[in-house]
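Below: the structure, in structure tokens.
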């Protein structure tokens, strides 16, 4: 089932119950694998060291009460009923909230933003409500202070870094906890030499499978998770009925009070283990783009939530009657499983752990793709593993990095106690970031009363702050791992973003005015050669400095010149009919154009063949529309002689110009403009133009020249920059630019569209940027 087809282009306004239930079924395998395996390690991590299980059962009943209310308040109340509604045109996650704020308050740090971007369809969808006085005041405050913009960006980056850290820790703790069931079937001095190798083999196998894509094994995911949930809930019901039918009384909040009163500081520190019962909750929001709100709400409310509650109650019921367990396994999950079922449950648990790990790994790939699209992460190779579901991607560099770090954590700690401390801190930090962003979304995007936002951040923020403090206190006992990982990734991401912004500022300060182009003439030795020259630039206006550098050293350029800017905008998707902004640079006879291709952070960039075709057709459509006297959209910060208009992709040119290559015949009701092929045999190119008596000779001649240039071929001129901090810069800036950004720039991949061009058609122009 193509779940991605229900995106922004084909929204489901009134979903049928069959569709909703089908999506809910799929979400069980994709979204809830991590959350559903939490019973494997919650009780074991909670009672690892800080508190003991006594005869009074106050500790185990208090932990059960904490687990019940934590699951009820955070995943159920906060995420299912509130946060899921804060989608960004159907997309969810940390960057979706940041994207919403960027559009409503103009706090985006993307340097090449334009007023024309605010006319995009997904921008207009957010302008239906009017903000109150307090909301307008908050909005203006955020827009005026650059420091506050940086704080929001750093918050988004911290949340992203912790998600990456979770991608390292969750597979380790899930697989290790599942394998730990082997402890009950062998001697103590044997299992410690078996668990770690077996866990490492499973982890290597898991990361090795990533390049095949989840769609190849996706049909297995939901049945595995459903089987696991039915298994733990059935075992839970058996333990409740068989051992302690009155365990439901422990759901009362009174037992939380008794627990903290008796255990005091030890009980507070053990909250870091209880916190693990909600690990994976953020996936409900992060994976919203693949499903609908209603399907995720149904799956959690009616399947996942009751199964988890029954599982935790069953474990508590068993442990309440077994205070002295003759095993070093203490009070782990498998001791509450009937002995005859332990091996089948062990097999199902390992499969469920693999599925849960798969979900967080692919989620890490998705959020890194979003960061890279918005200029906050170095460019990496993104492989789309499914031709139907574009959300399923694979990033080789990140995959192997996660595998090495995951193996290092597993081999280094060798137990669930330290790994759980690390995982808990990563999970709760992401939730705190979401709570902070949601309070702003409530005021700026939903235009609700500021008291509602204050109540939201106070209520949920207080709960999460309590868990955060309990996790942070165990910094030396494993919680330092996500902090160190986040610091490394944050340094990488901020250095890249800072260097990219400074490089763009240099381009703006050193761009060439259009008047300079007007002074170029054959008298200066400038010649025009056949073909189309694509000059890649980050600028949305003006002539880049690399062009003047190119002309100075090689006084010739192509008969058709296109300044191409491929930019990301803070929306998940850009509709095909709004893809391009096309304009003319200089006089008409110069045949110089500007083309800005806009992509959302969830869009797939077209391949080279399709992109070339769409690019040429968009310019042809612009020439035709200009001849018909259509109006243009002005863009800020450009010269008076340059105006841009919105042109769609080829698929949107229903009654417009289409390009036909080789011997493809014209459609009916079209007039075909043909040109004679050049002497050197090349691919024949024709435009199919609708019959229009209004098209004058100058437009026909310009289209003819464009076809001739396309037949002659395309060349891609790419700037190869060396960025250095200018003299007098601070030591920190020199370290960031000269070492950090320079290292990342030299070792990251080039732009995807640049790599798709043949090397023989690519020309790099070197320049030194002093920023």
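Count begins at 1; order follows the chain as displayed.
Every residue gets a Cβ built from N, Cα and C, even glycine.
The model shown is predicted, which means the values in this text are computed figures rather than measured ones.
Annotated features, as they stand in TrEMBL:
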type	residues	note
DOMAIN	23-518	domain 'K+ potassium transporter integral membrane'
DOMAIN	531-770	domain 'K+ potassium transporter C-terminal'
TRANSMEM	60-81	transmembrane segment
TRANSMEM	151-173	transmembrane segment
TRANSMEM	193-212	transmembrane segment
TRANSMEM	219-241	transmembrane segment
TRANSMEM	266-286	transmembrane segment
TRANSMEM	298-318	transmembrane segment
TRANSMEM	343-368	transmembrane segment
TRANSMEM	389-413	transmembrane segment
TRANSMEM	425-444	transmembrane segment
TRANSMEM	451-473	transmembrane segment
TRANSMEM	479-496	transmembrane segment
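Simply put, out of 60-81, 151-173, 193-212, 219-241, 451-473, 60-81 has the most Cβ pairs sitting under 8 Å from the transmembrane segment (266-286).
By the Cβ criterion (distance under 8 Å, sequence gap of 6 or more), the transmembrane segment (298-318) is counted as touching the transmembrane segment (60-81), at least 3 such pairs being found. Most Cβ pairs under 8 Å with the transmembrane segment (451-473) belong to 60-81, among the candidate stretches 60-81, 151-173, 389-413, 479-496. Remote same-chain partners of the transmembrane segment (219-241), defined as residues 6 or more beyond its termini with a Cβ less than 8 Å from a stretch Cβ, comprise 25-26, 28-30, 32-33, 36-37, 39, 247-248, 303-304, 306-308, 310-315, 317-318, 336-338, 341, 345, 348-349, 351-352, 355, 358. Segment contact holds for the transmembrane segment (389-413) and the transmembrane segment (343-368), given three or more CB pairs below 8 angstroms at sequence separation of 6 or more. When Cβ-Cβ distances under 8 Å to the transmembrane segment (343-368) are tallied for each of 60-81, 151-173, 425-444, 479-496, the top count falls to 151-173. Most Cβ pairs under 8 Å to the transmembrane segment (479-496), among the stretches 60-81, 151-173, 425-444, belong to 151-173. Mean pLDDT across the domain 'K+ potassium transporter C-terminal' (531-770) comes to 75 in this model. Tertiary proximity for the transmembrane segment (151-173) is limited to same-chain residues at least six positions away from its ends with a CB under 8 Å from its CB atoms, namely 34, 41, 94-95, 97-98, 101, 107, 109, 142, 199, 203, 206, 276, 279-280, 282, 286, 353, 356-357, 360-361, 363-364, 367-368, 371, 376, 402, 405-406, 409-410, 416, 419-420, 422-423, 426-427, 429-430, 433-434, 436-437, 481-482, 485-487, 489-490, 493-494, 497.
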